[in-house]
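*Asks:* My questions all concern the structure below.
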Amino acid sequence: MNDEDQDDKTKELPLGKETEANLFKSRSIFIYGPINQELAQKVCSQLVALAAASDEDIRIYVNSPGGHVESGDSIHDMIKFIKPKVWMIGTGWVASAGALIYVATPKERRLCLPNTRFLLHQPSGGTRGMASDIEIQAREIIKMNERLNRIMAAATGQPLDKIDKDTDRDYWLSAEEAKDYGLVSRIVTSQADI
């Protein structure tokens, strides 16, 4: 490795730390990418740290294809658990377990950018093994689906039977459709709108 390569690597590290410090100061968290245990641990730690630092509002930007439901549950529950108010800003796509996290705040604090797309659907699982184990997993997925649909119905104001029907297959919504559906309170185009 030559000196120029070393200088480039050295320059990258402080920028990352500086960005993290600025995000902490601005009380902003980014949930970008798949929802998994590692992301849940990071986001929950950030939420607890921000709550310990101050009661000021927190902003969470969500752009996720979804992922592990239980990891989404832990973020969803932690958002409700901490004292500061949390604002959700959807961007890109807010799908599946990402939508579960997104609805952790009251509707009036759920915003999105104009080109955000939302995806609601039933959870899926891949299991194999003995028939009795597959049956157990199927029952658990059905219970999870019922629980998630109750959460989504409460968050949107839609009747549970409509949520059941809509999430039976992939249900895509534009930002405007998500607003009409009750997922989003406002579509924003700048930080000044928040």
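Glycine too: its Cβ is placed from the backbone N, Cα and C atoms.
Pulled these features from Swiss-Prot for this protein:
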ACT_SITE  SER96  active site, nucleophile
ACT_SITE  HIS121  active site
*Asks:* Quick one: pull the CA-CA distance for HIS121 (active site) versus the residue listed as 'active site, nucleophile', whole Å only.
*Replies:* 6
*Asks:* Three-state secondary structure of SER96 (active site, nucleophile) from DSSP?
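*Replies:* DSSP assigns SER96 (active site, nucleophile) to coil.
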*Asks:* May I ask which residues of the same chain, at least 6 positions away in sequence, place their Cβ under 8 angstroms from the Cβ of SER96 (active site, nucleophile)?
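*Replies:* Set apart from SER96 (active site, nucleophile) by at least 6 residues yet with Cβ under 8 Å, we have ILE35, SER64, PRO65, GLY66, GLY67, LEU119, LEU120, HIS121, PRO123.
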*Asks:* Test of understanding: give the count of other CB atoms lying within 10 angstroms of the CB of HIS121 (active site).
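*Replies:* HIS121 (active site) is surrounded by 18 other Cβ atoms within 10 Å.
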